[in-house]
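Enquirer: Take a look at what Swiss-Prot says about it:
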DOMAIN    21-130  domain 'Rhodanese'
REGION    275-306  region 'Disordered'
COMPBIAS  290-306  compositional bias 'Polar residues'
REGION    329-376  region 'Disordered'
COMPBIAS  340-363  compositional bias 'Polar residues'
DOMAIN    433-698  domain 'Tyrosine-protein phosphatase'
ACT_SITE  CYS630  active site, phosphocysteine intermediate
Amino acid sequence: MLHLLSKDEFNSTLKSFEEQTESVSWIIDLRLHSKYAVSHIKNAINVSLPTALLRRPSFDIGKVFACIKCNVKVSLDEINAIFLYDSSMAGMNRIYDLVQKFRRGGYSKKIYLLSNGFEAFASSHPDAIVSTEMVKESVPYKIDINENCKLDILHLSDPSAVSTPISPDYSFPLRVPINIPPPLCTPSVVSDTFSEFASHAEYPGFSGLTPFSIHSPTASSVRSCQSIYGSPLSPPNSAFQAEMPYFPISPAISCASSCPSTPDEQKNFFIVGNAPQQTPARPSLRSVPSYPSSNNQRRPSASRVRSFSNYVKSSNVVNPSLSQASLEIIPRKSMKRDSNAQNDGTSTMTSKLKPSVGLSNTRDAPKPGGLRRANKPCFNKETKGSIFSKENKGPFTCNPWGAKKVSPPPCEVLADLNTASIFYKFKRLEEMEMTRSLAFNDSKSDWCCLASSRSTSISRKNRYTDIVPYDKTRVRLAVPKGCSDYINASHIDVGNKKYIACQAPKPGTLLDFWEMVWHNSGTNGVIVMLTNLYEAGSEKCSQYWPDNKDHALCLEGGLRISVQKYETFEDLKVNTHLFRLDKPNGPPKYIHHFWVHTWFDKTHPDIESITGIIRCIDKVPNDGPMFVHCSAGVGRTGTFIAVDQILQVPKNILPKTTNLEDSKDFIFNCVNSLRSQRMKMVQNFEQFKFLYDVVDYLNSGVNQASKPLMT
């Protein structure tokens, strides 16, 4: 069961589980490790997975568990409760993806979500927070290694985190080239830990190597290690034997000599550089290149390391005290090929050490394999067909309603204050929709959607798998006991009118559609169809009425549909039908059918045309709810119902400006009410802004004379 708790409820629930000594509960922190290291809730586990992995179905909960650094291994059945939190409500989409992995993995116990985010929780409950001191970037690191381990040392600088178009939130590419020899230890996708240690069986040459950790060195320890190893290493520290934190290494890594001469060159950390070429215990998304240094082993050819050939070179001597070869890694920007270089697969490169400069990945420079597609030229409608590079789209801006990074909205959206206000109102509606989606699988929630997927036969009735009705508002068919009463349709009660919003009928749901119309309408009814039968070469709706007056559509159960009248109105661009429904032992029913065939998917219609059509439809006799459908039953359907509501209310209720509070904005409240009864109503920003255009049209005083479509 999923529970969305406030900060006070979250704290009290945490304390209640802490008092239960026999219960096992996990507190999972989904923030970046840089924030987790500053402060976090007591006993919280940091799971800083890339968003791409969280959204990947193949990356199941078992792989998530493999990435969690925890000394105690437990199964899902042993965990009594799970507590999840992120920085703020903006991280709810990441929490939702992780919750889905727990549910698909068979975890059915309670999951508690912090709705206010960590910042609000930390300010109100500081006693439940653990704070640590961040390690500054300017402080060098050292690694504790067993004194008996006589190994060559790679001198690597600690670069500042850089962003790549593939992974904008992390300092490493999501894809690394293949055929790279594995590192000493298999790094996890968690940004702060190695999830596995190197075993003696896998790495027999490292029997004397002990786990190591990073901490700030002292001058005395550096001098003592220089006398032993010829490099600033410290003796082993037993206090950190059980820890193995991971320090992110981006492609922009610089070389360092053993005798640094500048302050920048003194920012060095060290890692063992001669791990044997054996398969690690588990493949990882990022690896530190590490090659064997013994003379009897063949060095990898240039083709095998071509993805790193731009910033990795082989050098005979890096440290004068080392007799074997090591690797020297330099940034790409500062590479210069020597004119006397020999054609032996490697080249001598000269550069100035710049450890704080990140990799720019310009289009004219060669790219490593994992980043080659990132700057691929593409087309965008904003540029009217011109080619542009993704890196030149401008700076990233914070996205308060979804992913952590997002491109800024189009310039035309923020061209004026009114449009910008409408844009951010729509994004707030999207955030509320995301919050409701967290309770889709909660049977006690108003947003539960379990009835739409109880069996395969029921799932086939949905035209789109991601658009289903809420169980609370769905239409239930009047069927015999033991038969499914499901249809993808929802009762909509807004204002003083009632509607039934549904998807377009499929070939297998024609009987369900007409049974719904028969049982929910009186002597007279109205159906509004807002889609064509085919759009862009794909079927959007099955024809559910006879072709002409001479033929009737007979369905199971004795239901008979015949066409009594047909008209076309070119000025309003609408076709009208009058259907007669007959059933044994029942009076006939007359259904007025309005087919608007010029309103295409994810667009908006002409204002004068749609307002004239709605005024005419409202004059047609109707004894029940109005049936409205497009293809999915959410975008055009929700926009039509919202426009109908705008025409029903007095003009003094309509907003005169867009810069109103959400609670005082009629359109915002109307769309939010529609979405609380059927998901994704008024599907995109273009349709949402169209509602404000309708209000401006009505406030301008323009009135279209309407005539009845049917008499």
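From the backbone N, Cα and C atoms, a Cβ is placed for every residue, glycine too.
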Enquirer: In sequence order, which residues at least six apart in the same chain have a CB under 8 Å from the CB of the residue listed as 'active site, phosphocysteine intermediate'?
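Expert: The list for the residue listed as 'active site, phosphocysteine intermediate' reads ALA504, MET529, LEU530, THR531, LYS540, TRP599, ASP601, ARG636, THR637, given in order along the sequence.
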Enquirer: As a quick check of your reading of DSSP, tell me how many residues in the domain 'Rhodanese' (21-130) are helical, how many are strand and how many are coil.
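Expert: Tallying H, G and I as helix, E and B as strand, the rest coil: 45 helix, 23 strand, 42 coil.
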Enquirer: Taking all residues of the domain 'Rhodanese' (21-130) together, what is their mean pLDDT?
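Expert: So the average pLDDT across the domain 'Rhodanese' (21-130) works out to 82.
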